[in-house]
Amino acid sequence: MFLDILKQIRINHWIKNLILFTPLFFGGELTDVDLLIKVLLAFLAFSFSASAIYIINDFNDLEEDRKHAEKKNRPLASGKIGLNLGIIIFLTMLIGSALLAYLTGSLGLVYIISAYVATNLIYTFYTKHQPIWDLVSLAVIYLLRLEAGSAVSGIELSGWLFLVIFFGALILIIGKRYSELKQEKARKVLDYYTQELLNSLLLISSTVTIASYSVYAITQSNLYVPTIIIFTFIIFRYYFIVITTNQGQKPEKLLLLDPQIFLSIVAFLSYIGGIIYIQ
């Protein structure tokens, strides 16, 4: 039962909320214990609210999920978790999120989580079925995570990094749609897309992401310039895998399980960490 609950709250998706630590990392304050604790609480608050949203989404898609080859194994769809227990888990996650947000002492975080929940609800009941809107609304959710990290830490990031996160998120989202379209049309919105269109959108997003990060790196110092090469390789490698395989359906797993991408991310963060914290 415990494993079913962990599966239901999508604990493996919490990795997306690590974006909250971006302002702390790039702002050179990752060693500030007080700020680190506040951002950690915000991370948990966001993760709890995300889990609550996943449960709402599963309730909404219950009948469709039961007909899906893979999604039918989800705890709610398979009946491993009953509706009453699902409601209890939902309320626990929602209340837990509110309490954790309160503990950070940041009113801004409360507003952002509220906007996050509202945006997710709009997506669940409307924009997920609207072409282009489904992509953009999910990318906005990534920006809300970034803004939450800024609100809690008090560190403002360069606008170029916001563009990197927004278009980087679009790469993951479009890549997922592309892989879903190649395998099976599991979403109604896929009826509006073609592989050619998604490939073009993926190419545009990749180009803007690399360009935005390049401008950010160059405006920081010459020490950042080598990171552009690593960053470009990560994007190219991800693009290659999405186009040539079906692995783009689970981007959070792909980023961790592909050795070349994972090691490149480690090298990228280590190099920047060295510039910020050791230089």
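Just so it is clear, glycine is given a Cβ too, placed from its N, Cα and C backbone atoms.
TrEMBL lists 35-56 (among others) with the feature transmembrane segment.
Residues 4-5, 8-9, 41-42, 44-46, 48-49, 51-52, 55-56, 58-59, 75, 109-110, 113 of the same chain, all 6+ positions outside the transmembrane segment (81-103), place their C-beta atoms under 8 angstroms from a C-beta of that stretch. Per TrEMBL, transmembrane segment is recorded for 81-103 (among others).
If you look up TrEMBL, you'll see 109-126 (among others) marked as transmembrane segment. A Cβ distance under 8 Å defines the sequence-distant neighbours of the transmembrane segment (109-126), meaning residues of its chain 6+ beyond its ends; these are 42, 45-46, 49-50, 52-53, 56-57, 60, 97, 101-102, 134, 137-138, 140-141, 144-145, 147-148, 151-152.
As annotated by TrEMBL, transmembrane segment applies to 157-175 (among others). Through the fold, the transmembrane segment (157-175) approaches residues 19, 22-23, 26-27, 135-136, 138-143, 146, 150, 198, 201-202, 205-206, 208-209, 212-213, 215-216, 219, 235, 238-239, 242, 248, 251 of its own chain, all at least 6 residues removed from its boundaries and within a Cβ separation under 8 Å.
Among the features that TrEMBL reports, transmembrane segment is placed at 196-217 (among others).
Look at TrEMBL and you will find 223-242 (among others) tagged as transmembrane segment.
According to TrEMBL, the transmembrane segment annotation covers 254-278 (among others).
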